[in-house]
């Protein structure tokens, strides 16, 4: 494998995981903050708020997992490496 392609693949894999984690990380922090605020304001709605929060966390975390899949594809099944 060409060393330039190998180096670019490693850099791209690191960037894909890092950048894919920034957005969901900030979103989860914001959502958790608003959930705590909502529960503090209306404690009887805790169950509904928690359910919606966990579902939204799952959707946000799926974006990070997609970034991890792209990174693993670049590292172990690199389509740019050729034969």
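Glycine is treated like the rest: Cβ placed from N, Cα and C.
Annotated transmembrane segment per Swiss-Prot: 3-23, 57-77, in sequence order, evidence recorded as sequence analysis. The site 'Reversibly protonated during proton transport' feature in Swiss-Prot is assigned to 61; the stated evidence is sequence analysis.
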Spatial neighbours of the transmembrane segment (57-77) not adjacent in sequence (6+ beyond its ends, CB under 8 Å) are 9-10, 12-14, 16-17, 19-21, 23-25, 27-28, 31
Residues satisfying Cβ distance under 8 Å from residue 61 (site 'Reversibly protonated during proton transport'), sequence separation of at least 6: 24, 28
